[in-house]
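Record features (TrEMBL):
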type	residues	note
TRANSMEM	69-87	transmembrane segment
BINDING	G75, V78, N82, N303, L432, S436	Na(+) binding site
TRANSMEM	99-120	transmembrane segment
TRANSMEM	141-169	transmembrane segment
TRANSMEM	264-285	transmembrane segment
TRANSMEM	297-318	transmembrane segment
TRANSMEM	423-446	transmembrane segment
TRANSMEM	458-477	transmembrane segment
TRANSMEM	489-510	transmembrane segment
TRANSMEM	530-556	transmembrane segment
TRANSMEM	576-601	transmembrane segment
REGION	643-691	region 'Disordered'
COMPBIAS	661-673	compositional bias 'Polar residues'
Amino acid sequence: MPKNSKVTQREHSSEHVTESVADLLAHEEPVDYKRSVLNVTGEAWDKQKDGEEELEAENRPAWNSKLQYILAQIGYSVGLGNVWRFPYLCQKNGGGAYLVPYLVLLVIIGLPLFFLELAVGQRIRRGSIGVWNYICPRLGGIGYASCLVCFFVGLYYNVIIGWSIFYFFKSFQYPLPWSECPIVKNGSMAVVETECERSSATTYFWYREALDISNSISESGGLNWKMTLCLLVAWSLVGLAMIKGIQSSGKLDKMLDPQVWREAATQVFFALGLGFGGVIAFSSYNKQDNNCHFDATLVSFINFFTSVLATLVVFAVLGFKANIMNEKCVVENAEKILGYLNTNVLSHDLIPPHVNFSHLTAKDYNEMYRVIMTVKEGHFKELGLDACLLEDELDKSVQGTGLAFIAFTEAMTHFPASPFWSVMFFLMLINLGLGSMIGTMSGITTPIIDTFKVRKEVFTVGCCIFAFLVGLIFVQRSGNYFVTMFDDYSATLPLTVVVILENIAVAWIYGTKKFMQELTEMLGFRPYQFYYYTWKYVSPICMAVLMTASIIQLGVSPPGYSAWIREEAAEKFLFYPTWAMAILISLIILASLPLPLVFILRQFHLVSDGSNTLSVTYKKGRMMKDISNLEDNDETRFILSKVPSETPSPMPTHRSYLGPGSNNSPMEMSSAPNGRYGSGYLTAGTPESEL
């Protein structure tokens with residue numbers, strides 16, 4: 001759309017322009033989403049009150065620049081999952097073959113729904129609660145469910161940031177504290193810590209020094225004071241960021257496995273932040289003629305290529321680690337063989353003549369290993385020799401905390417200047433986590449402030465304090481098991497339901513054709529028909545299949561977790577006890593509860609959705625004309641019109657509606673003498689800063 005068009009003409013303003021992502025969120029004043037084109041509350045119009053509300057609406061903050069907004073969306077979508085979750089899924093599900101289902105689902109589900117959330121947020125300029133109340137009041141529970149999902153995810157996500165903070169400060173020493181096993185005194189002798197010797201130095205440091213983990217979720221073990229302090233620091237950083245602001249922040253048969261597609265779809269949801277409300281919150285601060293289609297495409301594929309790049313780096317590091325560990329395995333087992341040769345347990349005739357123990361290669365060891373295994377077949381297990389195959393090291397699937405705090409930390413101990421690389425790595429994790437947390441918190445604060453008009457600073461501080469207190473469950477000695485529970489079950493299924501209902505609300509209740517027309521007038525061009533069909537048919541069907549598969553898997557595979565058993569110095573899969581299952585199910589129900597609750601309350605008029613009585617008013621400049629005395633038929637005709645193209649949208653728009661008797665289209669503009677838009681349906685507040 002041309003910059004000099006009537007739609008984009010603005011009067012110059014000297015109002016303050018926010019300068020950062022969190023400044024934008026911090027300076028926001030609450031806006032009443034119910035005061036728009038249509039006054040359907042049945043309340044009498046108060047001129048003074050309306051003037052105050054109008055001024056308040058016009059003061060809604062805006063992005064300082066388009067680049068700042070794009071960086072904010074990228075910072076929100078690119079998070080810790082790109083570094084550890086995506087590489088793990090690639091390794092688990094066939095390597096490069098996994099990219100095919102992921103890219104397909106990104107195009108047919110991720111991109112269309114990301115575009116949809118950007119569009120509704122930018123069009124209506126409210127948080128998730130206000131957006132879905134506008135589109136379909138009976139489905140207003142979508143916004144509340146999004147807030148709950150954001151809260152659950154933020155609870156454990158900030159714990160991971162706390163872990164990164166702990167490792168960050170521990171990295172300022174040489175050698176790194178996880179590079180060697182600790183030495184303990186056993187009487188007059190100094191021996192290596194047994195738990196560390198039976199596992200590894202990095203594994204021991206993670207489970208014992210950092211988490212001091214208990215043997216099961218049933219053993220609380222009390223609070224871990226080190227991680228409690230780190231969690232406090234993490235929530236303090238998030239709270240300050242929200243209030244004060246920071247600167248912008250080949251196995252092809254695997255493709256036939258439904259599990260691969262289900263995991264790929266889930267990763268698409270989490271990668272783009274669909275259903276959390278953060279995308280809607282960020283886009284609500286844009287001008288209405290912003291090209292959100294370009295934004296959706298750009299952010300989606302930047303996220304994808306970032307995941308691919310992170311995967312290449314992760315695989316390179318894991319390959320380096322695998323080589324180091326394989327060499328270590330060869331050396332340790334070669335020493336065992338030398339011991340057996342010196343004690344005549346093995347004959348020297350079993351050793352090939354070209355083998356040199358002082359320069360033993362992996363190939364020579366494998367040849368020697370096969371000979372010994374063949375000759376000593378009956379007693380081979382008693383020798384305790386390992387195969388030391390590089391493929392075995394590479395096939396060890398490591399995800400999440402294991403990848404970041406075990407595999408990466410072990411690899412970094414072999415880097416030159418290892419403390420420097422460790423500091424940089426965990427600083428990167430902290431920044432990635434904070435960027436996503438700001439978006440997650442805005443998915444809570446923006447809709448609550450928009451709807452209930454609470455003070456930004458007070459609500460943010462209160463929310464962070466409450467979240468910290470609840471989050472203490474994650475910093476007890478069994479806290480890591482609760483992190484696993486929340487990560488696996490608190491958001492996945494409720495998030496899928498939320499996104500399905502978002503899609504249905506726009507495509508089937510509000511109407512895909514109507515929404516496409518809204519976008520055409522908002523963007524200045526008609527979106528591709530591809531979006532029409534994906535919104536109306538493809539995405540809902542795909543997500544329904546995904547939700548069904550998730551429910552079936554939950555019923556077929558009893559939920560469990562990997563527990564670290566101190567005495568065995570190894571992980572063991574355990575099923576959740578009954579009380580933990582009750583918590584797990586409660587999380588899913590609680591996150592989904594607003595959906596049926598709000599529907600029932602509004603369906604049976606137990607609470608008002610603002611449409612019980614109808615008093616329609618419209619603006620012309622600063623004048624208001626009350627047409628509440630129209631007959632029912634005239635009133636309906638005025639609102640809906642006989643011609644579908646003239647039907648005014650319940651979404652706020654900056655195009656004028658001149659009434660049914662006008663010869664002009666409802667979407668044509670007439671400029672007002674005061675520089676504001678002319679008569680008709682005005683946006684509740686258009687940002688004054690230019691993007």
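Any Cβ shown, glycine's included, is placed from N, Cα and C.
Each residue in I74, Y76, S77, G79, L80, G81, T306, G435 lies on the same chain as G75, V78, N82, N303, L432, S436 and has a C-beta within 8 Å of the C-beta centroid of that Na(+) site, without being one of the site residues.
Across the candidate stretches 423-446, 489-510, 530-556, the maximum count of CB pairs under 8 A to the transmembrane segment (458-477) is reached by 423-446. A Cβ distance under 8 Å defines the sequence-distant neighbours of the transmembrane segment (264-285), meaning residues of its chain 6+ beyond its ends; these are 24-25, 60-63, 69, 72-73, 76-77, 81-82, 85-86, 89, 93, 98, 101-102, 105-106, 109-110, 113-114, 117-122, 124-128, 131, 143, 146-147, 149-150, 153, 292, 295, 299-300, 303-304, 307, 436, 439-440, 442-447, 491-492, 495-496, 498-499, 502, 542-543, 546, 550, 687. Within the chain, the transmembrane segment (530-556) has long-range Cβ neighbours (under 8 A, six or more residues past its boundaries) at 105, 108-109, 112-113, 115-116, 258-259, 262, 265-266, 492-493, 496-497, 499-500, 503-504, 506-508, 512-513, 515-516. Where the transmembrane segment (141-169) meets the stretches 99-120, 297-318, 423-446, 489-510, 576-601, the count of C-beta pairs under 8 angstroms peaks at 423-446. For the binding-site residues N82, S436, counting C-beta atoms within 10 A of each C-beta gives the highest total at S436. Other C-beta atoms found within 10 angstroms of the C-beta of L432 (Na(+) binding site) number 21, with every protein chain shown included. When each of 69-87, 99-120, 489-510, 576-601 is scored by its Cβ pairs under 8 Å to the transmembrane segment (297-318), the top-ranked stretch turns out to be 69-87. Between the transmembrane segment (489-510) and the listed ranges 69-87, 99-120, 423-446, the one holding the most Cβ pairs under 8 Å is 99-120. V78 (Na(+) binding site) is surrounded by 22 other CB atoms, counting those within 10 A of its CB over all protein chains shown. Tertiary neighbourhood of the transmembrane segment (99-120): same-chain residues 89-90, 131, 135, 255, 260-261, 264-265, 267-269, 271-272, 274, 279-280, 283, 292-293, 295-297, 299-300, 304, 308, 499, 502-503, 506, 515, 519, 522, 527, 530-531, 534-535, 538-539, 542-543, 651, selected by CB-CB distance under 8 Å and a gap of 6+ residues from either end. Listed binding-site residues: G75, N303; maximum Cβ neighbour count within 10 Å falls on N303.
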